[in-house]
């Protein structure tokens, strides 16, 4: 049985990845600091499962990471741990530098030392996979897509911190020979998503009868990737990716933000109509745009398709229907989040 050390495995993408990995017979050591977006309720179905070992801790704690590596002897380390919300990075960039840059460095140092001491056969097979974002590339005009050779041009404190972490991973490969892989993904959506992000925020506010905030004119474009497609892409890169390479992961589903909100409203009108009969779109409220808001992201994932045979299984229409249905049938999970410190408020609106 393979063993993977997964960092950030109680978050949105990491949590979905851990659930799928354990179901596929992987033994997972899950290291998560359980900051505001980490949620053990996401992993409730794994309680008592011997193949899931949860450890509360920070990737910046080199001694802890070293102990876990020595104790569990993983065949791969997958780094999902990150502060990831652009609005929060505008309000408080320091936490993003600490986790995404300093934390990644500490993790890399511990993993490098562990990898160097492995027997030859295990050392050759070992992989460090770093999960990153398309936001490191900056913004696009009306045409074109990000490729793996697009120059980095991050525009927010969040994307700058992720760009720095990507560069550290690359440097540890070229300097020390660490067998790394990097994935840069587009906007994810799906189950277990913390409701500060657009899709779960709109669902929660719509059900609460609150205004649905749309930044600026709502015509910012994002490529939307269903989270289970992303998890499959990561497993594919881990199994077949070329060491030292970067792979873009996209859903081939470009949508304006306002189109996403309208799609959610239509699904809620169908499955959970308002008592007064009004359409959910009547709750849409245009608000001041995010400072420095990137206009358009679009991913060219042809390298991943051509080299490794991966492509998304879900269209946006399929994925958003599954997502809305999940939130409607899992309100206990949502309420558990909203009973904490987060109350669907906007942050990072001013500089």
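Glycine is treated like the rest: Cβ placed from N, Cα and C.
Marked as active site, proton donor by Swiss-Prot on the basis of similarity to another entry: 134. The active site, proton acceptor annotation in Swiss-Prot covers 135, 158, and the record cites similarity to another entry as its basis. If you look up Swiss-Prot, you'll see 12-13, 32-35, 58-59, 80-84, 99, 158-162, 188 marked as NAD(+) binding site. Look at Swiss-Prot and you will find 84, 133, 187, 197-198, 213-215, 222, 257, 289-293 tagged as substrate binding site.
Swiss-Prot feature annotations superimposed on the structure.
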residue	record	Cβ neighbours (10 Å)
12	NAD(+) binding site	24
33	NAD(+) binding site	18
81	NAD(+) binding site	28
84	NAD(+) binding site	25
135	active site, proton acceptor	26
158	active site, proton acceptor	25
187	substrate binding site	22
214	substrate binding site	22
222	substrate binding site	23
291	substrate binding site	13
> How many Å separate the Cα atoms of residue 187 (substrate binding site) and the residue listed as 'active site, proton donor'?
Replying inline: 8
> If you draw a 10 Å sphere around the Cβ of residue 58 (NAD(+) binding site), how many other Cβ atoms fall inside it, taking every protein chain shown into account?
Replying inline: 20
> Does DSSP give residue 135 (active site, proton acceptor) helix, strand or coil?
Replying inline: helix
>> Rank aside, I only need the closest one: which of the recorded positions 33, 58, 81, 135, 158 has its C-alpha nearest to that of residue 222 (substrate binding site)?
In response: 135
>> Please identify, from the recorded positions 134, 289, the residue with the sparsest Cβ neighbourhood, meaning fewest other Cβ atoms within 10 angstroms.
In response: 289
> Which residues of the same chain, at least 6 positions away in sequence, have a Cβ lying under 8 Å from the Cβ of residue 162 (NAD(+) binding site)?
Replying inline: 82, 100, 132, 133, 135, 136, 154
>> Test of understanding: give the count of other CB atoms lying within 10 angstroms of the CB of residue 198 (substrate binding site).
In response: 22
> Can you tell which of 159, 293 has the most other C-beta atoms within 10 Å, given these are the binding-site residues?
Replying inline: 159
>> Which one is it, among the recorded positions 134, 158, 214, 293, that lies nearest to residue 33 (NAD(+) binding site) by Cα separation?
In response: 158
>> If you measure from the CA of residue 84 (NAD(+) binding site) out to 10 Å, which binding-site residues from the list 198, 214, 291, 293 are inside that radius?
In response: none
> How big is the gap, in Å, between the Cα of residue 134 (active site, proton donor) and that of residue 293 (substrate binding site), rounded to a whole number?
Replying inline: 14
>> Can you tell me whether DSSP puts residue 198 (substrate binding site) in helix, strand or coil?
In response: helix
